[in-house]
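These features come from Swiss-Prot:
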BINDING   ASN52, GLY53, GLY54, GLU65, ASN94, ASP95, SER120, THR121, SER122, SER125, GLN175  substrate binding site
BINDING   HIS61, GLU65, GLN175, HIS183  Zn(2+) binding site
DOMAIN    37-197  domain 'SIS'
Amino acid sequence: MTTLQERVAAHFAESIRAKQEAEKILVEPTVQAAELMLQCLMNDGKILACGNGGSAADAQHFAAEMTGRFEKERMELAAVALTTDTSALTAIGNDYGFDHVFSKQVRALGRAGDVLVGISTSGNSANVIEAVKAAHERDMHVIALTGRDGGKIAAMLKDTDVLLNVPHPRTARIQENHILLIHAMCDCIDSVLLEGM
């Protein structure tokens, strides 16, 4: 029987391996995603972010890093988590269905050149799929953070979008990589804005 200590150690080991595997395939796409967001922000655009459950928390975490700061003081950057307005979420969910809680907000707030960050560990979250459709209707770019095989969202993306897919079967490991990717993108943005890299 495995001890609790062994279980915890196994989480560390698996998380490290998952990050090492992700590094092999996601460094360049992460830079592309950061550059896409920078281009949007430099053109007075905004970034909208959405997801469900832990991915909703990641969307909020990302927006907070943008509007506040990541690790260094800098100007505020326009980012909105579509997961925080309970009145909008419940009204849209009640009147149109849960699949549309993000897409209605994307249509209301999104403009051509803006960026949608859609987060779904399965790549199959119906409301994130609808948000991607709405973003494309608005001529927005999409950065999709997904897991496993990328799901339906990966298949929807255009050449001008960026897929950050973590090909791991466990949701916890995918989520851990997603927050690492979010932090890496924030760092890239800050490096360009503050250091001219």
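A Cβ is built for glycine as well, from the same backbone N, Cα and C atoms used for every other residue.
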How many whole Å apart are the CA atoms of GLU65 (Zn(2+) binding site) and ASN52 (substrate binding site)?
19
Compute the C-alpha separation of HIS61 (Zn(2+) binding site) from ASN94 (substrate binding site), stating it in Å without decimals.
26
Whole-number Å only: compute the distance from the Cα of ASN52 (substrate binding site) to the Cα of HIS183 (Zn(2+) binding site).
19
By a simple count of other Cβ atoms within 10 Å, which of ASN52, ASN94, SER122, the binding-site residues in the record, is least packed?
ASN94
Pop the mean pLDDT for the domain 'SIS' (37-197) in here, whole number is fine.
98
Distance between ASN94 (substrate binding site) and HIS183 (Zn(2+) binding site) at the Cα atoms, whole Å?
34
HIS183 (Zn(2+) binding site) has how many other Cβ neighbours within 10 Å of its own Cβ?
15
Using C-alpha positions only, work out which of the binding-site residues GLY54, SER120, GLN175 is nearest to HIS183 (Zn(2+) binding site).
GLN175
Any idea what DSSP makes of GLU65 (Zn(2+) binding site), helix, strand or coil?
helix
Counting Cβ atoms within 10 Å of each candidate's own Cβ, which of the binding-site residues SER120, GLN175 comes out highest?
SER120
For GLY54 (substrate binding site), the nonlocal same-chain Cβ neighbours (under 8 Å, six or more residues apart) come out as THR121, THR171, GLN175
Which one, from the binding-site residues HIS61, GLU65, has the smallest tally of other C-beta atoms lying within 10 Å of its C-beta?
HIS61
